[in-house]
């Protein structure tokens, strides 16, 4: 199966078992996202690395990966709308999320960026690149395909989150057993608890109601055509990037390469950060 994936991508599929203005694009974002910008001395041609988190997350989720590059690159980390400390909105789709990030890029007068996005953040990064390809030098997508996903894959998660909202616990310790009644995965429970906020009406920093109401938009995808050099990093045990979809991926991203990390799932950046860092470094060093 690996060799089939290689041939379809027509480039090397690495397999390790060891070891961020198109004049015609009108940006409608009215509020700036919450962001942290770590700037280092660099030449004018060195792009800024922008890290974009996934669903239910925040800017800290890719922090370990970002820190590995902070000595030689300026780093921009953001909270997407309805996440972290960014603004809440009833509307949410990839056009809007991409425009939000582009607004921050323009606010900071960045001329060249490298986008690194995980899951929903990966789709946002792909949409940004499609809207403003002249801004993006390279694109790195962690465990996400440019494909629509069918069904309601986070039903247990939403059930647990709404159960917490209805129960109004006073702290994480009280919220945990409520979540565990619906969510069997301890890692997912701990991930959700990171965003617990007793002062929020939803009991979480993310906008639970908006995420639920816009879930179909988050799972959806409109085809693009992007020639930017792109790296897809796949968790070996994850089904978000499927070998049988490689031709459809290449139709949208003809300059894509792929890298799989065995023994890891959808949160590959948290499970095997050293491998993800190594894959990104190798991709960034390619001319």
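Please read every residue number as a count from 1 along the shown chain.
Just so it is clear, glycine is given a Cβ too, placed from its N, Cα and C backbone atoms.
Under the heading active site, Swiss-Prot lists 119, 266. Here Swiss-Prot flags 47-273 as domain 'AB hydrolase-1', drawing on sequence analysis.
Looking at residue 119 (active site) and residue 266 (active site), their Cα atoms lie 8 Å from each other. Spatially close to residue 266 (active site) yet at least six residues away along the chain are 119, 143, 235, 238, 240, judged by Cβ distances under 8 angstroms. In the three-state DSSP scheme, residue 119 (active site) is classed as coil. When secondary structure is read from DSSP and collapsed to three states, residue 266 (active site) falls in the coil class. Across all of the domain 'AB hydrolase-1' (47-273), the predicted model scores a mean pLDDT of 97. Cβ-based neighbour count (10 Å, all protein chains) for residue 119 (active site) stands at 24.
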